[in-house]
Every structure is written in C-alpha cells, then in structure tokens.
Amino acid sequence: MTHDNIDILVVDDDISHCTILQALLRGWGYNVALANSGRQALEQVRERVFDLVLCDVRMAEMDGIATLKEIKALNPAIPVLIMTAYSSVETAVEALKTGALDYLIKPLDFDNLQATLEKALAHTHIIDAETPAVTASQFGMVGKSPAMQHLLSEIALVAPSEATVLIHGDSGTGKELVARAIHASSARSEKPLVTLNCAALNESLLESELFGHEKGAFTGADKRREGRFVEADGGTLFLDEIGDISPMMLVRLLRAIQEREVQRVGSNQTISVDVRLIAATHRDLAAEVNAGRFRQDLYYRLNVVAIEVPSLRQRREDIPLLAGHFLQRFAERNRKAVKGFTPQAMDLLIHYDWPGNIRELENAVERAVVLLTGEYISERELPLAIASTPIPLAQSLDIQPLVEVEKEVILAALEKTGGNKTEAARQLGITRKTLLAKLSR
C-alpha cells in the first residue's frame, strides 16, 4: 500500500513523544499532523479529513477516551488507535467499546506500530472499496481540502448534464484534469474527448484544427483533414485558453456552437456535429467582454455553467498529498529509493506561494528527486525560490500555552546540541537547573 495520500493525526500532550512519532511516521511516508490536546484534535478533525488517528489515553483536561468519543461523533468512519502506558485490561476494553480499532502499549514497539497501522489502514481500505464513490484520484486530481471537495461536488453535479462548461483558473491549476473528469463522469464517456490548446496556434492553423480543411485549400494541404469538432462527434471537445482566440475566429466558433455544424476550410459543405463543449481560460472573460476584446454573445454561450479551479495557495493543505504523489511517480521513474521529505523541506513547500501552481510543484519535486543523493528530500534539493521562502513563526491562529512553547524551544536546543543539557541551557541563556525544571513541567 502506498502512503503518500494517507493523513494521520497524532494526539498526545507529551510534545517530545509527538515529535518522535511525527518523524517516524513521515519516514514511513505518511502525512502527519499533531495535536497536543483533545481540544486541538477535535478542531483539526472538524477542519480536515484524516485517514487515521493515533491518540494517547492519559492527557490533561480531556483524556483519550473522551477525545475518542468526540471524534467518533464527528466522523464515525475514522479509525482510531489508542496509546496507553498502562496495560490495564479495563482501559483497553473501554477504548474498544468506545470505538477504537485497536490499542498500543507505550513505550511503543515500532515494528508493532507499523504492523498495526497497516492493518488498520487495510481495514479502512476494504470498507471504502465496498462503497464505490467518485474520488479526485480517479481523474488524476489529488487532494482532500475543502476547496477540492467543493470542486469535486461541482464536477459531480455538472457531468451528467449536456450544458456547456466554462472552467476558470490560473495557469497550472489543472483545468484540463477538470474537463477530463467531467467527460469521464458523463453519458458521453465512451465517446472521444478531444482537446485543443487555442493559445498554441495562430489564426489560420487554429481554423484548420477546429474545422478541418479540404485538399489544396492552402499551401501544404496535401490531403483532406477532419477538424476537432468532427473528431469529437458524439463526445466532448475541450478548448483550452479560449480567451486567446482572435475576434474573427470567435465569430466562426460562435456559429459552430449555435448551429451545431461546421464547414471545412475550402469547402461549402456543412457537417452536422453532436459535441459537448468545455472551454477553459486563465483570463477574466467578463472583464474581456467589457473591454471589447471578447464577444459578449459567445461569452454567454460558453458561461452556461462556470467552474472555478482553486490555486495551490487556496488549498495549501493538499500540498503534502500532491508532493508525495509526485515523489512516488518520479522516484519510480528515476529508479531511486526516496523515503520522503524532511520536515523543513515540507514546511517550505507548504509556505511557498506557487505562482505556477501544481505544474510548478510537479517540476520542483522532479528536480529534487533527480538531484537527491540520500533518502530524504531536504531544502538543498529545492529550487532557490522555494528554499528561501520565509517560514512564519506562528503557523496557525491557535495560541499555545507558554509552557508548551518553552518546552518546544528547549527540545529544539537539545536536538541542536546533541542532547547536551548544559550547552543547551547556555545557548538559551538560562541555568541548567531552570532548563531541567521547565522540561519536567
């Protein structure tokens, strides 16, 4: 089973234990989120979809059993594994009765943990397989964010209809994938999906590509050619970057859409076509109409149903999934045993603004895999623009108690000094006694 699209939430008020588990699970290829209390865990479960929760029993304020009950109330399908340092039968039985899938004894045996995780996830996979559902990954789209779920819902609603669809989104967001998903989910799925990038061709070539031409219609036309409209007959025609078409071509395109018929270049014969049209653009066509650069009548013909594809900045929570997806692909292609990303590298990917969106992320991961000499991609393998991304000190709006922040800083100092408490205290500007006291809180 591949792990690049699996999200695990670790819930434990022991920050050092959380950090160790995070590093371990990321090393196994999982995406990991942390919660240092039951309340934090519930907030995250409300905001995101997790494949599995790993929760400690003994926590202050809200214990693991209470957290388990609340998680199951929010989402009964999430498998929860309980961790306990107390191997009492009563605790295990109570956890299982409350809805836990299994329990683990602390200190954790890592081999047992890995086996239990795979068993729990395999159990979930079997349950999901028995309930067929349309998912983004079926169409090459990866993500679990609210923005992606909204996009999938729109695709599911639009696909069964015959309505013309206008897809808008920045370059590199995956507009063609949306078009393919609509076609694959429609009644026309057994017929052709024909695609054409309108921005890549000049006016004369675009006319020939769309409508076809007769032999001898122009220099180099040594044989008759059917156009994309005819090739897509019975199926779907996807016109990418339609906002780049010239005014003259817009007139011909409008006529073809209205009359549902085309003429090859150099011919007077009309050919009836049955085509569903999906168009895409990165331009604001309403503004183009107001500026006189795009025909209003064609805009209304195209804009029957509008779908907005979110930029990568609008779905940052999907970046670990996408990065893992591309990592697996390029590791296999380049025959490299890459285990994952370092936490620092993943933080950089998440906080970078991605002007080129998914296409830029894909290129960055491919480059990193090619340059990698070790097992984990670090900031050294990332392009300079990404590696120099500033990471905000506060990465969420949640304000942690000061004692937790202090402990995190101390743990970081200890890691930097190789566990030397005296040196860590010196670098932090406190006494060794104060450091030990703060660690024991």
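Quick reminder: no glycine exception, Cβ is built from N, Cα and C everywhere.
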For this session: If Swiss-Prot is the reference, give me the range from 121-140, 261-280, 301-320, 421-440 marked as DNA-binding region.
Result: 421-440
Problem set entry | pLDDT averaged over the residues of the DNA-binding region (421-440) | 84
Exercise. Do you know offhand how many angstrom separate Arg359 (ATP binding site) and Asp56 (4-aspartylphosphate) by C-alpha?
Worked result: 39
Seminar exercise, completed: Helix, strand and coil residue totals from DSSP for the DNA-binding region (421-440) stand at 17 helix, 0 strand, 3 coil
For this session: Specify the nearest of the binding-site residues Gly172, Thr173, Arg329 to Asp56 (4-aspartylphosphate), where nearness means the distance between Cα atoms.
Result: Arg329
